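K.L.:
Just lifted these from TrEMBL, have a look:
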- 12-37: transmembrane segment (TRANSMEM)
- 57-79: transmembrane segment (TRANSMEM)
- 100-123: transmembrane segment (TRANSMEM)
- 129-150: transmembrane segment (TRANSMEM)
- 221-240: transmembrane segment (TRANSMEM)
- 255-273: transmembrane segment (TRANSMEM)
- 285-304: transmembrane segment (TRANSMEM)
- 324-343: transmembrane segment (TRANSMEM)
Amino acid sequence: MASREASQAPLEFGGPLGVTAMLILLPATMFHLLLAARSGPARLLALPAYLPGLEELWSPRALLLLFIWLGLQVALYLLPARKVAEGLELKDKSRLRYPINGFQALVLTALLVGLGVSVGLPLGALPGMLLPLAFATTLTSFIFSLLLYAKALVAPASALAPGGNSGNSVYDFFLGRELNPRLGSFDFKYFCELRPGLIGWVFINLALLMQEAELRGSPSLAMWLVNGFQLLYVGDALWYEESVLTTMDIIHDGFGFMLVFGDLAWVPFTYSLQAQFLLYHPQPLGLPMALLICLIKAVGYYIFRGANSQKNTFRKNPSDPSVAGLSHLLPYFYLLYFTALLVHREARDEQQCLRKYGRAWQEYCKRVPYRIIPYVY
């Protein structure tokens, strides 16, 4: 019954044809961005100045480095956790258990990398390996996704994801057939969601900062800000790691190529584009502007963290006293009333001005086309 319901679910991303295109376009887009960031003009919509050959993309050294990185993160995942959390209830009424030790993994990784750098680890050479590393990660993502698809073929119906059981092999390979593929207690999707890619992003940024210091004597202020802001984002995600258990990725999406490639390849190699761009295209940034940027960041982070904490609390327990009142419309009557009032009044003013000024008002409207919110209304 579960399989039939899943197969009748509406197909996403344009169905089999759409996901077939995405299997090609997602890796191609990632490599285009990597090449554009290091090119002279760095134009997003222009073709790269050159296309690397297979000899530039394939590197056994890069593949070995990737496996060492994944092995390190697996080992850190398996360490004793400060907390073990239960996920949301599954279709069979069971709940899976997850180790909450992502922030611990970040700190231990930083200590190990710092120790390595102190004894001569050439972290600053990492930016020169981004293309072969991205190629190795993409290849690994395809192979890993095939193994996950094969594993899902023998999984019970209760373990299948709602959307990745369509009966079309390409579509299910992309979306992922199994909801929570595990080997013993090791959860592949949960591990990949926040560990190798997000933590890898931080250290790619750090390597770019170190290479800029080697090239120009010291990192630029802009590079420091990019590293700091993005480290805050990753640190926040790992500190509040338990919150990921209520997200769509965990509770709804199967673990197929979409998430595998997104977690392992797309995140570290495209989210680090700002730092890559700054390495090849340095941007001057004065202290007053940097302080203003930090202020905006602080306000944005306050809103981001508050909203995500409320969302997670509501998903786990809508009756929680801290969020129970958020479903009520009554406190927002003032906002809704004045929004309707002002929109209605603007429409009345529009008609009155048209009658009063005629063609002059029509000319004004051509020059000022938006009534209240630019580019919206």
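In case you wondered, yes, glycine gets a Cβ from its N, Cα and C as well.
Values in this document were obtained by computation on a predicted structure and should not be read as measured data.
Tell me about the setting of these features in this model.
P.N.:
Beyond the transmembrane segment (12-37), the same-chain residues lying 6 or more positions past its ends with a Cβ under 8 Å from any Cβ of the stretch are 43-44, 46, 48-52, 130-131, 134-135, 138, 163, 168, 170-171, 174-175, 257-258, 261, 265-266, 269-270, 273, 276-277, 280.
Counting only same-chain residues 6+ beyond the ends of the transmembrane segment (100-123), those with a CB under 8 A from a CB of the stretch are 72-73, 76-77, 79-85, 194-195, 199, 202-203, 206-207, 210, 234-235, 237-239, 241-242.
Distant neighbours of the transmembrane segment (129-150): 27, 30-31, 34-35, 52, 56-59, 61-63, 65-66, 169, 172-173, 176-178, 181, 188, 204, 255-257, 260-261, 264-265, 268-269, 276; these residues of the same chain sit at least 6 beyond its ends, with a Cβ under 8 Å from one of its Cβ atoms.
Listed by sequence, the residues of this chain that lie at least six past the ends of the transmembrane segment (255-273) yet keep a Cβ under 8 A from its Cβ atoms are 19, 22-23, 26-27, 30, 33-34, 37, 130, 133-134, 137-138, 140-142, 144-145, 148-149, 161, 164, 172-181, 188-189, 192-193, 196-198, 200-201, 204-205, 208, 230, 249.
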